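Let me begin by presenting the structure, written as structure tokens, before commenting on it.
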Ligand code: SF4
Ligand code: SF4
Ligand code: SF4
């Protein structure tokens, strides 16, 4: 049925800019309605009605004037829309829609209509375009319908003045702006406001308008980008004497009469229309105050605005970018939080020191103050406590889709399974039960564990399998990990929910690296791979640590900031072919509740504190699929993609994990060469030498990586970070080689070929371990080489694209 609706919507001209995916999304909001011949779909004066698209049949737009009979204004045929103008201006319906045949319509209620405009602002612009066209027609035909009023109220919707926070910064900045506002509010002539995107030109314009004309006067906002299409015909032509009788009787300045006309991005109006606008401004006899806004340095004005228009503006004021007045950032951020708390009747949260430092370290080149507002609003809505820390600050561009992907959720069966979550829950429970059974067996009946080969499977199959699977299927092990299931089971019953210490968040890579080094070292030194009881103690120790962290701290802090196994799998899965991602356009335009982060009544939020529109790497996604279940907007996708692609497209990542990669690479030499002597020489001196080499190599690898990728101020993935991540295939190959030696029976397995020669049967055999090592190292080296080349190539492409943009 949705397909039928989507098909019908695809034939509507108004919606022609929407993609098929967007049409399908929109279709789910519409309802079919049928009307008989002679019935009225909307009645003139009706207060509440929907937005309609006529799909089948014919109808007339009828207007009744007091004391007169109803008369036909226009006919409607399939594809035409009605009801939108009264929904836009909040007034009662201005006309009646009368069915001339049996009619079938798609109806969208007023809330759905508002959601549609928020989700697709381009549709809003299309409606405004239609209104201006109707105003032209109304002027020319002297129609009774007062389109000017309708247009004025529709455009005033566009000003978002309720969204202004009215904060300028610290005391110094505020005093300076207030002084300037006083000065600009004196009616000496029109004003040009310059400043980078998001610096608050519209808010400034609003406050100048408020001081000059008062809040009740019209404040009309139009956009220079669409000025030529929408407004060119509504600026008055200079009237020659012969023409004066046909001059339009209503124009753009009339709409803003007695108030302010704010033209955004005035420099984007074509030179011809700029000239026409300049002439119109000069002849409009102060009907309204005009403020032009544009993103430019004042020195460039002569270049981008024609002199005639430039001369129309008596003053110019430039708003300073946020990065040049960083002292204002903490005050603005806290001010936004106070206003949000007041509006939502909540306690005012405070930013902790680390979060404040992060806010100060950012450059806000994407959107200045508006970028800061978005970051703070997001942090406010997702914060569960009254302190906002690093985990709630999401910066920078939203995740981008790179290259082709296949969304597995397109399969209704898989989508249904993941949405319900029952199957995964059962697999988790079974895995946890098997794990408990295994630990008990290793602990209390080690001989049986050895004789039944169960013990051999733990080291010989589980570890190598993790190293082999993670580069392809990501953190799929974490989906069913028993450590996590048991930890979560306890956390649901006992939790203290303390704030995670900032040093843990900031230096988690050191904790993960240290625990990883320690576990490997203990394994080798205690000969754990041949000792079931020690193995059981290791597994229990990991589980106890995970439980303690889960009781103390929220969500899966253990998995995100401590787990060495998670660190290993996470790093391996950065380039894997499976990803969970959201559609940022849906998240930014449609979502106000952020369930992926916050959770719902039945399903907790992301255990790794991910906010989906910003999730653009696999390192911290443990494939729990909670977000698939929680998202009410169908934004989450589970994609198949090209292996390795993420590495050369990395935008942001926990840079510290480059150190972890250095550590993992460093220990391969002592593990591979020295640990193999362990079976021959188990003396204390060997242990001392091994320990020295092992820790020395691990720390050297980590330190080298640290020196290469520092500083760690932001999460931006620099070229150096990407180059170190490019070594992941080599690291994994090394670990696969090391683990392969422990696969049960592999040491006695030989692979070869034989043939009949004159001298008899000839055969060549090589040990299976040697073959596995050869394959692993070849793949590791080749994939690392390819990834490094692609990282360099992609960086070069980006630099060229950036310099091209600058030249343009
Ligand atoms: S991060 Fe560690 S504890 Fe958490 S699910 Fe993954 S392997 Fe298990
Ligand atoms: S993934 Fe869903 S819940 Fe999360 S921000 Fe996007 S739309 Fe909202
Ligand atoms: S909730 Fe989503 S983003 Fe978070 S870990 Fe689970 S699958 Fe990954």
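Start at 1 and count along the chain as shown; that gives each residue its number.
Glycine is treated like the rest: Cβ placed from N, Cα and C.
Nobody curates TrEMBL annotations by hand; they come from automatic prediction.
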410-429, 430-449, 570-589, 590-609 - the range that TrEMBL marks as transmembrane segment:
430-449
Quick check: do the transmembrane segment (657-676) and the transmembrane segment (504-522) share at least 3 Cβ pairs under 8 Å, counting only pairs 6+ apart in sequence?
yes
So if I exclude everything within five residues of the ends of the transmembrane segment (688-709), which remaining residues of that chain have a CB under 8 angstroms from its CBs? That is, six or more out.
513, 517, 520-521, 524-525, 655, 658-667, 669-671, 674-675, 678, 718, 720-721, 723-724
Seg_contact(the transmembrane segment (461-483), the transmembrane segment (764-793)) with at least 3 CB pairs under 8 angstroms, min sep 6:
no
Mind checking which residues of the chain, 6+ beyond the ends of the transmembrane segment (721-744), have their Cβ under 8 Å from one of its Cβ atoms?
453, 456-457, 459-461, 463-464, 467-468, 470-471, 529, 568, 571-572, 574-575, 644, 647-648, 650, 653, 655, 657-658, 661-662, 664-665, 668, 671-672, 675-676, 705, 708-709, 769, 772-773, 776-777, 779-781, 783-784, 787-788, 791, 795
What else in the chain is close to the transmembrane segment (430-449), if you only count residues 6 or more beyond its ends and a Cβ gap under 8 Å?
455, 458, 480-483, 485-486, 489, 532-533, 535-537, 539-540
